[in-house]
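Below is one structure, written out as structure tokens; comments come after it.
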Amino acid sequence: MLTERVPVGVMSSVVAPEKPASNTMGPKEVELILVKEQNGVQFTSTTLVAPTQTQTHPSGEEERETWGKKIDFLLSVIGFAVDLANVWRFPYLCYKNGGGAFLVPYLFFMVIAGMPLFYMELALGQYNREGAAGVWKICPIFKGVGFTVILISLYVGFYYNVIISWALFYLFSSFTSELPWVHCNNTWNSPNCSDWADNSSVTDFYKATPAHEYFERAVLHIQDSHGIDDLGRPRWQLTSCLAVVIVLLYFSLWKGVKTSGKVVWITATMPYVVLTVLLLRGVTLPGAIDGIKAYLSVDFLRLCDAKVWIEAATQICFSLGVGFGVLIAFSSYNKFGNNCYRDAIITSSINSLTSFFSGFVVFSFLGYMSYKHNVALDKVARDGAGLVFVIYPEAIATLPGSSVWAVIFFIMLLTLGIDSAMGGMESVITGLIDEFKFLHKHRELFTLFIVVATFLISLFCVTNGGMYVFTLLDHFAAGTSILFGVLIEAIGIAWFYGVDRFSDDIEEMIGQRPGKYWRLCWKFVSPCFLLRLAYAITPETEHHLVDNGEVRQFTVSVDLILLYYNCTASLHLCRFL
């Protein structure tokens, strides 16, 4: 303790606060205590007091709550980025586009665009301590882009939660001695149902396997609808599963990052345990090695095909989850001095490694299916929902103890989906309560409002014709719009706010200025990367126009009109809410 003697008549205490270092959380408080007065002399003591839980941003604004532990944040980001697409999309793309050769464009775009954009969003949210809309106080003209990505996350939630409800339905159906998608003698089966093992003409276009019919006719009941104009009522089975998913999401999010940070300890780690168990089982199956060889087979000639590079770039953009406002929301709850650069490298690398690792699991079972039914691998290899809800359940059904393996597999799908859905919903909640400050005091009620609204709209996807609505949302909710949103976001940061100023912000947080490579990527490479994704935002029927250089989506007039309507619609919605 420091003591100082000061004459009584002239004693005045002026304490100059210590200027914080660039990597500290804020100024330290100084406590001046009067000890006693003796013989005309006053003794005082000065003590440095540790900052309280509520920290102060360098701008003077009071900061929000922070993650309980650093690992909570990392698991939340990993859990969001590693989703169902890592299992059902990347392995198939790798197989279709030259096997191991596909890793060349994939890693290339990861380094020049994926990681820079990922890093940019983490730093943007952490420095400004706001959600996707509030961060644009640095350049208010772009605030509409923030509302746009919030709206996109809300759209995605309308159908993404339905996928999780399918997985929950399958999970409940797996608690039987015999899985219900094994035979064709069920009430939902059609005359076209044909067992792989019993019918040599199974490759006929009009034939369907028991697992295929179980998904379409027992789960979706799509046969009871004639189209999107004939939806019917919500089916109680899927509605119940959807309600369970919504309840899980609410109680994971209602208290903010303090609760969601604990949930991800299970939802983000469980998939790795299950994938490892499934791999150990899969490699012991006959034909598994052939499937893995096909997955890793290297065909460098495929690299001459521009479409391979386009698909690698598209996969990077969507698999990392940039542009949904989730990374901004999550990082806004970090401590100000957190090393977001290191976090970006770690989490984006884990995401890509998980995609690659899941390919071994998927293709070990696809190789087994190819061997068991004596068909070419390309007859069973597919991506999307057909892989995890048709092919994989069918492969599991042939194993000893199939019910146990089915339960394990669908628990993995459930956990993969839940933490990604949590991220999307957190983006909406954080983005809006940061913009409308009065909602901070009513987070629990506002979270309830969001999840109930999402549930009610999702009911359209669990009707007999719900698959038509699901497909509509899946194709248009986060395609062109998300790419365009990320493009404008990158331009706003690099060219309007300024790369140098943004780099100063990062240096203030972590004490280290981004290198020239990162600044170059933010200003030139990443925006150009997003503009090159012509195939990703062009209908397949018009891909020949791309080959001829006629990309209609990137005319100046269309871009400006799209931006105007996206921003205007988002602002009107948020004013209404």
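Using the three backbone atoms N, Cα and C, a Cβ is placed for every residue, glycine included.
A TrEMBL annotation is a machine prediction, not a hand-curated record.
Here the structure is a predicted model, which means the values were calculated and not measured.
Around the Cβ of Ser319 (Na(+) binding site), the number of neighbouring Cβ atoms within 10 Å comes to 23. The Na(+) binding site annotation in TrEMBL covers Gly79, Ala81, Val82, Asn86, Ser319, Asn351, Leu416, Asp419, Ser420.
The disulfide bond annotation in TrEMBL covers Cys184-Cys193.
Taken from TrEMBL, the feature transmembrane segment applies to 73-91 (among others). Sequence-distant contacts of the transmembrane segment (73-91) (same chain, at least 6 residues past either end, Cβ-Cβ under 8 Å): 67, 122, 163, 257, 260-261, 264-265, 267-269, 271, 295, 315, 318-321, 326-327, 330-331, 333-334, 338, 343, 346-348, 350-351, 354-356, 358-359, 361-363, 383-385, 387-388, 413, 416-417, 419-420, 422-424.
The transmembrane segment annotation in TrEMBL covers 103-124 (among others).
Per TrEMBL, transmembrane segment is recorded for 145-172 (among others).
Residues 161-162, 164-166, 168-169, 172, 219, 259-260, 263, 418, 421-422, 425-426, 429, 447-448, 451-452, 454-455, 458-459, 462, 466 of the same chain lie 6 or more positions beyond the ends of the transmembrane segment (236-253) yet place their CB under 8 Å from a CB of it. TrEMBL lists 236-253 (among others) with the feature transmembrane segment.
Positions annotated as transmembrane segment by TrEMBL: 265-289 (among others). A Cβ distance under 8 Å defines the sequence-distant neighbours of the transmembrane segment (265-289), meaning residues of its chain 6+ beyond its ends; these are 72, 75-76, 78-79, 82, 354, 357-358, 360-361, 364-365, 367-372, 399, 405, 408-409, 411-412, 415-416, 418-419, 422.
According to TrEMBL, the feature transmembrane segment maps to 309-330 (among others).
Taken from TrEMBL, the feature transmembrane segment covers 350-371 (among others).
Look at TrEMBL and you will find 391-416 (among others) tagged as transmembrane segment. Non-local neighbours of the transmembrane segment (391-416) in the same chain are 82-84, 86-87, 164, 167-168, 170-171, 174-179, 181-182, 196, 209-211, 214, 266-268, 270-271, 274-275, 277-278, 281, 285, 362, 365-366, 368-369, 372, 380, 382; each lies 6+ residues outside the stretch with a CB under 8 Å from one of its CB atoms.
TrEMBL lists 445-470 (among others) with the feature transmembrane segment. Within the same chain, residues 154, 157-159, 161-162, 165, 220-222, 224-228, 230-235, 238-239, 242-243, 246, 249-250, 253-254, 425, 428-429, 432-433, 439 sit at least 6 positions outside the transmembrane segment (445-470) and bring their C-beta atoms closer than 8 Å to a C-beta of that stretch.
Per TrEMBL, the feature transmembrane segment maps to 476-499 (among others).
Excluding Gly79, Ala81, Val82, Asn86, Ser319, Asn351, Leu416, Asp419, Ser420, which define the Na(+) site, the same chain contributes Ile78, Phe80, Asp83, Ala85, Gly321, Thr354 within 8 Å (Cβ to the Cβ centroid), listed in sequence order. Cα of Cys193 (disulfide bond) to Cα of Ser420 (Na(+) binding site): a span of 35 Å. Comparison of 103-124, 309-330, 350-371 by number of C-beta pairs under 8 angstroms to the transmembrane segment (145-172) places 309-330 first.
Around Val82 (Na(+) binding site), the same-chain residues six or more apart in sequence whose CB sits under 8 Å from its CB are Ala268, Pro271, Ile350, Asn351, Thr354, Ser355, Leu416, Ser420, listed in sequence order.
In sequence order, Cys193, Ser194, Asp195, Pro210, Glu213 make up the list of same-chain residues 6 or more apart from Cys184 (disulfide bond) whose Cβ falls under 8 Å from its Cβ. With a 10 A radius on its CB, Ser420 (Na(+) binding site) counts 27 other CB atoms from all the protein chains. Tertiary proximity for the transmembrane segment (350-371) is limited to same-chain residues at least six positions away from its ends with a CB under 8 Å from its CB atoms, namely 78, 81-82, 86-88, 90-92, 94-95, 103, 106-107, 110, 271-272, 275, 278-279, 282-283, 285-292, 294-295, 319-320, 377, 379-381, 387, 391-392, 394-396. Sorting the recorded positions Cys193, Leu416 by the number of other Cβ atoms within 10 Å puts Leu416 first.
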